Amino acid sequence: MKHKLDVTINELRLKSIRKIVKRINTWSDEVKSYSDDVLKQKTLEFKERIASGVDTLDTLLPEAYAVAREASWRVLGMYPKEVQLIGAIVLHEGNIAEMQTGEGKTLTATMPLYLNALSGKGTYLITTNDYLAKRDFEEMQPLYEWLGLTASLGFVDIVDYEYQKGEKRNIYEHDIIYTTNGRLGFDYLIDNLADSAEGKFLPQLNYGIIDEVDSIILDAAQTPLVISGAPRLQSNLFHIVKEFVDTLIEDVHFKMKKTKKEIWLLNQGIEAAQSYFNVEDLYSEQAMVLVRNINLALRAQYLFESNVDYFVYNGDIVLIDRITGRMLPGTKLQAGLHQAIEAKEGMEVSTDKSVMATITFQNLFKLFESFSGMTATGKLGESEFFDLYSKIVVQVPTDKAIQRIDEPDKVFRSVDEKNIAMIHDIVELHETGRPVLLITRTAEAAEYFSKVFFQMDIPNNLLIAQNVAKEAQMIAEAGQIGSMTVATSMAGRGTDIKLGEGVEALGGLAVIIHEHMENSRVDRQLRGRSGRQGDPGSSCIYISLDDYLVKRWSDSNLAENNQLYSLDAQRLSQSSLFNRKVKQIVVKAQRISEEQGVKAREMANEFEKSISIQRDLVYEERNRVLEIDDAENRDFKVLAKDVFEMFVNEEKVLTKSRVVEYIYQNLSFQFNKDVACVNFKDKQAVVTFLLEQFEKQIALNRKNMQSAYYYNIFVQKVFLKAIDSCWLEQVDYLQQLKANVNQRQNGQRNAIFEYHRVALDSFEVMTRNIKKRMVKNICQSMITFDKEGMPVIHFP
């Protein structure tokens with residue numbers, strides 16, 4: 001019933017879109033007769049019509065799409081089909097276009113990018129990795145430039161490249177930018193650490209199209225982008241605590257709920273810890289560092305699995321995205337968890353650094369005036385797209401009917417029986433000449449099967465999502481006759497597999513999937529590797545009671561039923577009841593996995609709300625400071641008065657020595673100690689006296705400046721220093737607070753409420769501290785000039 005309703009709703013959406021397609025087709029017939037020069041001139045004409053208010057982007061869409069369509073044919077030799085026009089309209093409307101593999105998403109995106117670039121505010125195509133961004137940019141750049149727009153890659157594709165002054169600003173001044181979600185996110189954070197207006201480079205984020213949108217803003221939504229700062233005071237307990245945790249027994253010393261990523265000590269575990277570490281009360285204030293390290297070690301030992309959550313690669317812990325299987329080099333778990341995993345693996349513990357700036361992809365893309373997305377599997381995430389981003393998903397029809405045959409799951413009792421049968425089936429397929437793509441959940445499994453096939457004298461390509469460019473080339477060749485490819489779920493994603501000569505007659509590409517993934521969207525993506533653009537093909541998933549999905553998420557006892565293992569394997573495999581039961585277990589386990597994923601993203605979104613609001617307020621304040629261009633004429637007495645009133649109200653008793661000490665520490669190093677005229681019992685009199693000292697020091701500082709220009713720079717720098725130092729402490733504190741709250745095992749709603757309450761309290765403290773440091777910095781900072789005559793500011 002629900003499926004029928006979804007189809008009906010989608011058809012209604014398509015009906016209104018097809019009316020616009022008709023208008024585009026009418027304009028397409030018109031512009032075919034235009035000369036190249038006339039067609040090129042349309043871009044300038046469109047810009048003028050938008051600027052003058054004659055047209056909006058919406059009213060201009062049919063004509064602009066027709067121009068971009070015709071230009072695509074003349075420049076690229078590709079003419080967007082009607083289904084691509086439908087996708088392009090969905091993208092301009094700010095929604096999610098579900099387009100199947102091979103339907104031409106790259107070309108589809110050019111039309112809304114062109115249209116929105118006409119506003120002069122910039123547009124972005126955001127994808128998952130550097131290779132895809134560069135590939136698509138290089139392919140489409142000639143089209144944009146022929147039409148009179150500027151286009152750029154959002155980064156310089158050189159490892160550890162150091163950008164020159166103004167280079168990033170030049171990049172972001174282009175009309176159309178191809179980049180990655182990670183690059184854009186870090187640029188946003190870096191831009192908001194700029195210490196001058198000239199150092200900022202990122203414009204207002206206007207319009208963006210996200211390729212593989214479900215992967216980026218759903219699956220990766222919880223992964224924060226982090227810029228690290230100074231090292232934290234490092235604990236030396238990681239290895240010691242790891243040895244203690246190794247002695248603990250589940251359900252005796254600790255309890256865990258793997259599905260919820262929860263683990264905690266039981267009473268016997270607490271007693272064991274107190275005995276092992278000779279501590280009277282494990283939960284006393286003195287032992288809190290020890291408790292934190294025990295919690296980290298427990299999570300590292302039992303909730304994070306090698307080759308599932310992370311690889312040990314070249315002596316480092318490299319995280320893995322559990323949903324996509326993609327490696328996340330350079331990404332570290334926060335709050336000491338990364339170091340606990342290093343200790344678990346017997347490695348040297350790396351330095352845990354404080355957090356300077358952070359943002360999640362959820363909040364990054366909410367900064368756009370409008371954004372849309374493309375994916376082959378959007379419908380399965382529609383409710384989440386709508387709840388989190390107010391986006392609807394429109395299923396775009398395929399140009400040709402899908403011919404791929406998705407075979408029923410093949411069911412086995414154990415993973416060993418499954419592997420034997422699967423290898424047998426693959427060998428049979430290979431002997432016919434059909435290309436085979438075997439997809440595994442982990443790199444470890446992929447390496448195992450690749451080795452097995454080589455031992456059977458079957459050459460194969462192994463792809464485990466490590467070298468994106470090389471693997472894109474290898475996956476592109478996976479459709480050739482007789483080819484055998486073994487890959488993880490993310491390897492080569494974004495690259496079409498085209499069938500070689502003679503393969504169509506053999507039945508097309510055979511996709512064999514070693515087990516169901518934790519998310520049904522990923523299953524669909526993997527099946528979609530075969531059968532592009534109406535090609536023949538097939539897909540089949542092999543399942544067993546030993547599969548990770550069942551072991552991790554199933555609440556059924558069937559997998560542990562020893563009677564099953566006493567039955568004859570052939571009899572069991574022919575039992576429809578057994579097959580049906582196992583399929584039910586797998587489907588339920590996958591549903592639980594997906595539900596937990598949704599809940600985890602909802603939780604992450606809840607936690608992010610506080611820091612998101614605070615970040616916006618702090619960055620707005622930074623920008624106001626950067627816009628100061630008349631510091632000489634600014635009156636800072638209101639700021640100073642607030643700070644001095646805080647001081648007198650915080651002191652229980654005001655004495656001469658305390659006031660003199662305060663002046664030395666915050667206002668002037670040269671104070672002459674003359675406070676004879678001050679009535680220390682009158683707080684307002686003390687505030688007035690401090691204001692007088694403040695004004696004297698400000699006047700002295702201004703006198704020491706060479707010009708109003710340098711005084712302006714001085715004020716900007718000292719205020720930014722105050723904001724940044726306090727914000728750095730606040731961000732790091734919130735990261736630690738979130739980690740501590742996440743370790744609580746019950747009362748989740750109360751824990752989140754408590755987090756927001758403490759976060760608000762700490763923000764108010766930070767705001768007061770910023771004001772205090774501003775006053776201290778503007779009074780006690782000094783400016784000198786280097787050999788080149790450039791100002792150097794020395795902070796107190």
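Residue positions begin at 1 at the first shown residue.
Cβ atoms here come from the backbone N, Cα and C positions, even for glycine.
Note that the coordinates shown come from a computational prediction; the quantities given were computed from them, not determined experimentally.
Listed in Swiss-Prot for this protein:
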BINDING   GLN84, GLY102, GLU103, GLY104, LYS105, THR106, ASP496  ATP binding site
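Projection of Swiss-Prot feature records onto the structure.
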{"residue": "GLN84", "record": "ATP binding site", "Cβ neighbours (10 Å)": "27"}
{"residue": "GLY102", "record": "ATP binding site", "Cβ neighbours (10 Å)": "20"}
{"residue": "GLU103", "record": "ATP binding site", "Cβ neighbours (10 Å)": "24"}
{"residue": "GLY104", "record": "ATP binding site", "Cβ neighbours (10 Å)": "17"}
{"residue": "LYS105", "record": "ATP binding site", "Cβ neighbours (10 Å)": "24"}
{"residue": "THR106", "record": "ATP binding site", "Cβ neighbours (10 Å)": "19"}
{"residue": "ASP496", "record": "ATP binding site", "Cβ neighbours (10 Å)": "17"}
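The ATP site is defined by GLN84, GLY102, GLU103, GLY104, LYS105, THR106, ASP496, and by the 8 Å test on Cβ atoms against their centroid, the other residues of the chain that qualify are MET99, THR101, LEU107, THR108.
GLY104 (ATP binding site) falls within neither a helix nor a strand when secondary structure is assigned with DSSP, and so counts as coil.
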